[in-house]
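Student: I have a structure I would like to understand better, so I am pasting it below and will then ask my questions one at a time.
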Amino acid sequence: MRPGKMAPAGGCGSVRGLWVPLAVLALAQAVLALTEQYPALSLLKQRQGPAGDCASAGEWAEQYSAESDSSFLHFHESDCDIGGSSSCESVLSLNTEKILSQAKLLAEQKRFPFATDNDNTNEELAIAYVLIGNGLYDEAIRHFSTMLQEEPELVSAIYGRGIAYGKKGLHDMKNAELALFELSRVISLEPDHPEVFEQRAEILSPLGRISEALSDLTKAIQLQPSARLYRHRGTLYFISEDYATAHEDFQRSLELNKNQPIAMLYKGLTFFHRGLLKEAIESFKEALKQKADFIDAYKSLGQAYRELGNFDAATESFQKALLLNQNHVQTLQLKGMMLYHHGSLDEALKNFKRCLQLEPYNEVCQYMKGLSHVAMGQFYEGIKAQTKVMLNDPLPGQKATPEYLKVKYLREYSRYLHAHLDTPLTEYNVDIDLPGNFKDHWAKNLPFLIENYEEQPGLQPHIKDVLFQNFESYKPDVQELICVADHLGSMMQYETPGFLPNKRIHRAMGLATLEVMQAVQRTWTNSKVRMNGKTRLMQWRDMFDIAVKWRRMADPDQPVLWLDQMPARSLSRGFNNHINLIRGQVINMRYLEYFEKILHFIKDRILVYHGANNPKGLLEVREALEKVHKVEDLLPIMKFNSKTRDGFTVNTKVPSLKDQGKEYDGFTITITGDKVGNILFSVETQTTEERTQLYHAEIDALYKDLTAKGKILILSAELGEVDAVCNLILSLVYYFYNLMPLSRGSSVIAYSVIMGALMASGKEVSGKIPKGKLVDFEAMTAPGSEAFSKIARSWMNLKSISPSYKSLPSVSETFPTLRTMIEVLNTDSSHCLKKTVVVV
């Protein structure tokens, strides 16, 4: 990475986080708590039956309301069966005597809002509130209306009528408007009662009027702070993705009342969504101390461990959630997705099937079921599940789900793979065969709107699905090959948050490493290779294509495509590989190790920029930069120059080995924003045709030199030659990393080529990638190829290769078709633990 130019910039991006269903949040926000002062409805509910006999409409709402102080108004219906148990006594059986009896008790104790000094009026008001408590909303409204005809400004009646309109259901906008109207009248008459502001907020928030609801809750807190009010406002800030402010409110709520598992859970989620996984885990554990059977806390804990890359801890947490409720759909879905990305496809499939038994229209489970089937070579079942997702067209005005957007690409690709199951891999090329616009749209995750697209042929009955292959059915030397591949693949695992170990990827890339080794050795002995239907000497792209082939089959959900094979129009516009490091309040923990390095680079460029454009202010800028320790600290400095007020970009440069003194465009660092919490800090590489040609020329020259020195090395294995070959391999891949020529998977593909080519030279990587390090970012932030080679060799711990590698069978001949590739990726690897792997 070398200094480039700095210029004004703008931009935005996206980031993923924990999936929190809107329905869950809506339930959480719609659970209403009137005030500590008026627990009238809880009193009435106790008279109807023991607590818990009448379940609320949803587990989350139930948990939330259990923590809330008593409430007059809960916007959900009772699950009680009118003809059911006596504890769920039908409101229809209530007689006048019972209503009057309950009302009398309520009136005597003045246990309802805005009680008056007139006993007769209080009794009339109490009757209407009892009617609300028993679900007779229209009768309550009529009763309140009669009282208001006689006394138009009777606050309790206005308030009660507003509650009754809300209880009738906010799905009817007329009810919502009438409820808001009544509560606003109460506020105009009695402006110092926090419970009314809170009630109005409870109606505004489900209607999407979050800013108004927040304003009401802030007013309520000013009047009378409480744990519940802070928790409620924190929930709304959370929904608004203002996680830092939400965290402050949950913290204040917990200071006022420590025993709140829901507030503690939400506090953890505010950490999680900002990428602070360890802090999130501590909060989830604390929530479980307060409520040992808290399913959502176990589910969230499992997801946090999954994001941290701790498979065993995540599995344990998900399992505990399912022990509490084996039918918890969200946990089944999240556990299934984790298992899929761990490479345990068969186990993942069981979770998705169970999820669909409970929720047949769950698009995520349906999509993942189809994907799992296809990845294992079960195309008939896979495409059937994919078609079900395709039938779920979004309603007018409704946003399409990510699964709906992706599924047609997956179905078309699945059909293509099925048609080529038994065709030798050397006779076709995915990048050439798939239509250009299809590849372009798929790689960019665009809606499937492709003009004049001709669908792939349907499944051919004579091509059968892939059958499961037992490990023992392979010959002993192939078994050895598989076990060696598993070991080599595990050497590529990143020990960094966000990277879950994937045993399927490990095997695929381990086999890719061995195939690269064998292919490079053949090339250095002047043997030709069979690629894309032609027999010729291997080129550098062929070497990478070996790894590309295996990476594609490990996970068919991800489009691993060469960007220079995209349509000319797409290339002319540029194809961006974009990574958000910080977006708003969300920190991308994967790249945290590189923040300081990039920040130092930016500070250097700011000094150069102001030296050229603002020499008079250079001293002030230099002093300000000395106080910069994190990205947010740059915001004030951006204001020093009108051109950088809204943000700026810094371009890195990559020095050429071929043409000394020449430099290529590296990646672009962008910072925009005006305040902490509203900042975008991102990096991207732009793959244009011109940039690609420059990098290709560099890689061509290095590959030519590598091949020549490799041939010499085969004849004379002198130490100096080995060292030169190692440096050439690392230099070549340094330019590959900086080019980023693939739509997905560039990092692991390049590392498998490094390992395979080094093995061809007689050297084996025995050291693991250090914790927190990412090989692609090491290359992208290194000042040159020599520096990258030095850094990489410091952890690789290269040693002489074991002679037993020569006795391994040919990977390309053992697995010549997609069918055989899928079979070996599916086969159980537990037997390898009992074997002695040759590389150890």
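Yeah, the Cβs are placed from backbone N, Cα and C, and that goes for glycine too.
Keep in mind the model is a prediction, meaning the values are calculated, not measured.
For reference, TrEMBL lists these features for the protein:
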type	residues	note
REPEAT	227-260	repeat 'TPR'
REPEAT	295-328	repeat 'TPR'
REPEAT	329-362	repeat 'TPR'
SIGNAL	1-33	signal peptide
Student: How many helix, strand and coil residues does the repeat 'TPR' (329-362) contain under DSSP?
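Tutor: Once the DSSP states are binned, the repeat 'TPR' (329-362) shows 27 helix, 0 strand, 7 coil.
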Student: Average pLDDT across the repeat 'TPR' (227-260)?
Tutor: 96
Student: Let's see if you can do this one: DSSP helix, strand and coil counts over the repeat 'TPR' (227-260), in that order.
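Tutor: Result for the repeat 'TPR' (227-260), in helix, strand, coil order: 27 helix, 0 strand, 7 coil.
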Student: Using DSSP, how many residues in the repeat 'TPR' (295-328) fall into helix, strand and coil?
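Tutor: Breakdown, helix to coil: 28 helix, 0 strand, 6 coil.
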